[in-house]
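Chemist: One structure, pasted below without further comment.
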Amino acid sequence: MTSTLQEGILVGCGNPLLDISAVVPLNFLQKYSMNEDDAILAEDRHMPIYGELVEGYQAEFLAGGSVQNSLRIAQWILRQPRVAVFFGCVGEDRYAGILKEKAQAAGLDVHYQVKRDVPTGTCAVLITGTHRSLCANLAAANNFTIDHLEEPSNKALVDNAQYYYISGFFLTVNPPSIMQVAATAHAKQRPFLMNLSAPFISQFYMAPLLAALPYVDIIFGNEAEAQAFAEAQQWPSGDLREIGKRLVAMEKKNPARPRIAILTQGCDPVLLIQQDSVQEFPVTKLAVHEIVDTNGAGDAFVGGFLSQFVQGKSLDVCIRCGNYAAGHIIKNPGCTYSGEPEFVE
């Protein structure tokens, strides 16, 4: 990193979750009616998963939650602490302590809302071969309220930021907070970035997603998420480029800054879709033995992208750094990194 960035230039809101990650047999998924590569919210029938992983498998605890992951990765690449501020809700327990410690160690400036009567959220990361399946018990994360953002010190952080990033996952928690941050970004003419996050968001939370979308300057998603959005909108869902073009063309509050869609597709090229163009950015394919865990690749991509975007770099540099970060994360368990970042423009 060449120049020093303003502290708190980037604000993110999301669900701070402690990932409980373990390699499990396929019948473990079947037992809980889950499929490989699922990303779901826990129902009552899933609640025993977390204890079972800790007791019966070699479970690792990793700081998780999509936005918090992305901001940790951005911080790692930037090598300057407190560039990013994170808001989310935790309980008052040991897991919250682990999360805060890991987030701060990564350089993140966390401002958790704390709810005493609810446990910190957890996410089971079930690894079967190169597949990973996620089952999130949001718990305290689900209790985030807009008054936390309205506290004067937190409001100042939101007002002072130059960039804003929120996951689609947060739509299940507190849409009013998303709309407030979106309105702030719009009023100050600052970029507001969002992620489609998972197919179930488009399937079950389309109304709050559509309310936020007019404010969104850059929308991220992978092929499954984009297809789920297209199906929910009753668009033809076969062609990712076409879906991206339609996403870009949807209503926008600030037409002077046309929306951009960035769609990832695993080891196939990343698509950068703008009003009048579609560009492809190749992904370096990894050998099977290099792939440790694909969990967090999407979060890492956004983290790499953000690390360059907040420095005012061009979109192609941002995307190449996204691909670098995702490739690095896949070689490590969970959304974790090792060593010094080696991204070169």
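Each Cβ is built from the backbone N, Cα and C atoms, and glycine gets one as well.
Here TrEMBL flags 37-338 as domain 'Carbohydrate kinase PfkB'. Look at TrEMBL and you will find Asp299 tagged as active site, proton acceptor.
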Chemist: Would you mind giving the whole-number mean pLDDT across the domain 'Carbohydrate kinase PfkB' (37-338)?
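Modeler: Across the domain 'Carbohydrate kinase PfkB' (37-338), the average pLDDT comes out at 93.
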Chemist: Let me check the 10 A CB neighbour count of Asp299 (active site, proton acceptor). How many other CB atoms are there?
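Modeler: Here the count is 29.
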